[in-house]
């Protein structure tokens, strides 16, 4: 019995050991076999598979998440944000899924952006990669939707930015004076003090400038720029979560302060237009449909005598509109040189806007900005606001000339309601279409700052769109202007309405009308001077005083505050108004005789006036404080000198049409380009918003880079402007050509009744209509 039991016990133990040995043998055989199979496949990227999880995770994860357990325990994030971050971090550590790698690899990598000490203060990370992580997640139930966040950290300054701060102004109190310390402080005593004292000692002993000294020298830039970093997070993280995540490793250790957190979540739904966008699509779509129908009809129809409805349809034909734009002649040869002047001026404006609308964070090497802006040979480019004065001058000149020509200097022919209303109706449809197009921009493009830019523009237009319709946007709430560049249309419209007074006087009594116009010039010069004196405004556009132009949020600065006002441009307008009267009177034009002495003297005056206007404000560029009296004299004086220069230039072109300058400005190529001026001026803002707002990279602050940027912007502005002209502006011009032609017939009838003379209304009707359309294009500036 015992023996049997012993036998059973030993037999079962023996079998256990046998089975254990067999299992271990088979297991070892299988493992060895798997390794042999894996090693049998040779591939080039084997080293990538040999990277440890820890090394790989530390290569991808931001330093904030290196110790994720400690991070989550110390930061009370919302449960959804914490859960999504844990999933993403675990995915990087153990699974190496592409979506999680993209999420964290989209972060800017350094607390201090590469190139910061040359002024590269922005690191966008990778916006497109951040927004693409949903494409790499197959499970819709646990889909993590990304959001791209821009973090703006400001470097603290000892005091708020002064009102007239200039890049060349030195900031006091940032660091101790090195020379003073070297003379007064005992270095042996400093050695035993705290860390900051030890670093001060290093600064004193260092043979070369330290980082602290260098940053103090360029500290003026920190009033206008931030340390800007882009990060990518799950959209479940709230703004409060983001603030907690960036509490460390974002410069707080250096004393930097959080200025703004702007997050843009990826939209997972198809775009659905809101009510305003639906209305915009309906209006623009309807116009495009009519345009297509008109083009087909124009191509197929050969009728010469068309009905009224057919004529109206033809107004929308892009074929006939393009033909008129390119090949129609100017009725008054006196104004051929105006075409070249308008083209050069609008090009100048576009170039200046391209440079001025880029904020400092959009540049690489921005610490070179003050040297770039103060270059002597670049000042003619930066003073583009004189190009705007050119348009005010031309507007005044063509206003008086056209009014006298239409009325034939007969007060009975002046319809005051028509004078005030027609210009409003001529410009407002294009302005409305521009605003409607702006509402459709947000879903069409994207980029690191696109959402921020479009939100700002949408908020402004939602508040002040009606200001544009009454042309008061340059006087009411200018900080929220809908379309910053539309201030010109408001100022020009206001001056056109005001010009009715001297038009009435000059038609009734030319001498008294000229005296009244001169009184207006003197009065507005005095008003402008008092405005500048009382508010201590700058003597002109001082490009190194950044706050004079545009603030960081693109609101108007001190210079634009006076520049946008109608009275600061009125005297230029009325100098042109007087010149237009003399062109119509033509006594001076026909009686003047040029000699070589007069030609040389005229050219010297033109050149000297130009140089005076461009360079008279150079002392203030280098930071000289504003003087109220000098500023109040310099600002209007420069514009009067500019007006005199334009008068001499145009007078020379008109009276010497065979001169070189007249031939250049009258070049036929300029004619269609100048006719697109209004459309180009309106739509170049769209081109700039897209070009600058959707950029994913910084702009190099160099002549070469900016030349390419300005050239491409100018070409695209004219390309977009030409489409806007042909599709939208030309039908309006055709309509007003027809209306004006009908009004001219009524005026002729009235004159016939007054003078008892017979007038043939039917002769050369098409020629008259064509002439009126051409005059209308000439009299509409920007």
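The backbone N, Cα and C atoms fix where each Cβ goes, glycine too.
Among the ranges 622-639, 640-657, 658-675, the one that TrEMBL lists as transmembrane segment is 640-657. Checked against TrEMBL, the range among 514-534, 535-555, 745-765 recorded as transmembrane segment is 514-534. Non-local neighbours of the transmembrane segment (275-297) in the same chain are 310, 313-319, 433, 436-437, 439-440, 727-728, 731; each lies 6+ residues outside the stretch with a CB under 8 Å from one of its CB atoms.
Distant neighbours of the transmembrane segment (718-739): 287-288, 291, 311, 315-316, 318, 321-322, 324-325, 422, 425-426, 429-430, 433, 673, 675-676, 678-684, 686-687, 769-770, 772-773, 776-777; these residues of the same chain sit at least 6 beyond its ends, with a Cβ under 8 Å from one of its Cβ atoms. Under the criterion of 3 or more C-beta pairs below 8 Å, with sequence separation of 6 or more, the transmembrane segment (570-588) and the transmembrane segment (424-445) do not qualify as touching, having fewer than 3 such pairs. Note on the transmembrane segment (424-445): residues 271, 276-277, 279-281, 283-284, 451, 454, 457-458, 461, 465, 468-469, 471, 482-483, 486, 489, 493, 678-679, 682-683, 685-686, 689-690, 693-694, 724, 728-729, 732, 736, 776, 780 of its chain, located 6 or more positions outside it, place their CB under 8 angstroms from a CB of the stretch. Within the chain, the transmembrane segment (600-620) has long-range Cβ neighbours (under 8 A, six or more residues past its boundaries) at 166, 376, 379-380, 383, 386, 538-542, 545, 626, 634, 638, 641-642, 644-645, 648-649, 652.
Among 343-360, 487-507, 640-657, 343-360 has the largest number of CB pairs under 8 A with the transmembrane segment (678-698).
The average pLDDT the prediction assigns to the domain 'Nose resistant-to-fluoxetine protein N-terminal' (78-265) is 85.
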